[in-house]
Amino acid sequence: MDKLIINGGKKLSGDVTVSGSKNASLPIFISTILAPGCHEISNVPFLRDINTTIKVLEQLGARVDGKGNVVKIDTTDLNSFEATYDLVRTMRASVLVLGPLLARFGQARVSLPGGCAIGARPINLHLKGLAALGAEITLEHGYVEAKAKKLKGARIHFDLPTVGGTEQLLMAAATAKGETILENAAREPEIVDHADILNKMGAKIEGAGTDTIRIVGVDGLHPTSHTVMPDRIEAGTFMVAAAMTGGDIRIHNMRLDHLDALAFKLQDAGVEISNKDNIVRVKGPKKIKSVNIKTRPYPGFPTDMQAQFMALMCIAEGASVISENIFENRFMHVSELLRFGADITVEGNTATVKGVKKLSGAPVMATDLRASASLILAALAADSTSEVSRIYHLDRGYESIEKKLAGLGADIVRVKDESQ
Ligand SMILES: CC(=O)N[C@H]1[C@@H](OP(=O)(O)OP(=O)(O)OC[C@H]2O[C@@H](n3ccc(=O)[nH]c3=O)[C@H](O)[C@@H]2O)O[C@H](CO)[C@@H](O)[C@@H]1O
Ligand SMILES: C=C(OP(=O)(O)O)C(=O)O
């Protein structure tokens, strides 16, 4: 197992390029199940979750070939409709194979996704939606078994906007008989990217990016090529890194319009942000002002940026109130941030962060993906050396983050953690 050693206190400067989006790539890879043939996906990030998705597809009989950031997926000869526990438990998004397998084979057997540190994360809304399309669903031995001779379009109203649930239903409805309407659908940019590739395959999907999506089922889909959108959470993490170190960086290959909620809050905190020729410049202030945030479904403040923003507020002037409204257990980073000397108290889903003059380097342990990022940010701003261990979480979602940060002038190295 690896750990990161970070000597904090360096102002970041220079240029960094954002990789393709993890959260867009996963459903995009999985949607190739729907269309037999060879697909070509570009701007794919090198991540552990991508490797897991490839293993899931290979287990189903797909042939996958990657060169650089381009991955070719041949789904001509799929010969299994089962995704097993050993793979699905390591990555929640692999449960998305349920809808496309059901659509292609009339049956699917998929392990329930593994418990994750940030909350219970049920899939009841995925299953309710698939049942509304006519699937017969049973839960046995930890597996979801679904059957349907032919899925039929339906009107589905989600109790709450679910990103995975919306993606699951987009895929299941694409080749169902008749029309499907998804109401209270998730509006995240990753949903738009997902609908884009499905439409390139011949699907008829309108309204992705709004809360009502209309899908007219087609007889079959064909293979296609697609370039994955930039990772907005990676981009947002670099924005916070510049802010916390009083840095001045230029971020390439990012969509600032995907990060409005974060950008406005950063500006309220005193950060300067400008966008010229699609290069976003972020300049940290001398003194950060405290700002309150509430996480919400898109276009609200993203839960995937809550931990990083909390790290920023640890060194702001005054007190900040942070409410987490998406996941019930997404404050695992708090106890680790305290090790840097932060002043944070938690009550229910609300954390109150009182800014301190400085953070001091400390040994800390990452508990989940975005928590890992928040610890790296705190370490970059701290006055001495920190060690961040258990960074395998980080490798699920950030491509070469230590190399990218080192390129911006951070003193950060990855070493083997002999104690693990
Ligand atoms: C791979 C991927 O894209 N992951 C993202 C996706 O996760 P994911 O798709 O798992 O998150 P959802 O949008 O589904 O979850 C939102 C809320 O709905 C609840 N819920 C969801 C489904 C369901 O069947 N029942 C139910 O109650 C969840 O517990 C949570 O409270 O969106 C989250 C919210 O933006 C992000 O944090 C994750 O990074
Ligand atoms: C929670 C996340 O991902 P996942 O849904 O894959 O666990 C994330 O990207 O922050």
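Here the Cβ of each residue, glycine as well, is placed from N, Cα and C on the backbone.
The domain 'Enolpyruvate transferase' annotation in TrEMBL covers 7-405.
The feature phosphoenolpyruvate binding site is assigned by TrEMBL to Lys22, Asn23. In sequence order, Pro45, Leu47, Asp49, Ile50, Asp231, Ile233, Arg396, Gly397 are the residues of the chain that are 6 or more apart from Lys22 (phosphoenolpyruvate binding site) and have a CB within less than 8 Å of its CB. DSSP assigns Lys22 (phosphoenolpyruvate binding site) to a helix in the three-state reduction.
The Cβ of Asp304 (UDP-N-acetyl-alpha-D-glucosamine binding site) has 24 other Cβ atoms within 10 Å, all protein chains considered. Per TrEMBL, the feature UDP-N-acetyl-alpha-D-glucosamine binding site maps to Arg92, Asp304, Ile326.
TrEMBL lists Cys116 with the feature 2-(S-cysteinyl)pyruvic acid O-phosphothioketal.
The feature active site, proton donor is assigned by TrEMBL to Cys116.
Other Cβ atoms within 10 Å of the Cβ of Arg92 (UDP-N-acetyl-alpha-D-glucosamine binding site) number 19 in total over all chains. Taking the centroid of the Cβ atoms of Arg92, Asp304, Ile326 as the UDP-N-acetyl-alpha-D-glucosamine site, the other same-chain residues with Cβ within 8 Å of it are Ile118, Arg121, Val163, Thr303, Phe327, Arg330. Listed in sequence order, the binding-site residues among Arg92, Asp304, Ile326 whose CB lies under 6 angstroms from an atom of ligand 2 come out as Arg92, Asp304. Across the residues the record lists as binding UDP-N-acetyl-alpha-D-glucosamine (Arg92, Asp304, Ile326), the two Cα atoms farthest apart are 16 Å from each other. Annotation for Ile326 (UDP-N-acetyl-alpha-D-glucosamine binding site): spatial neighbours Thr295, Arg296, Pro297, Thr303, criterion Cβ-Cβ under 8 Å with sequence separation of six or more.
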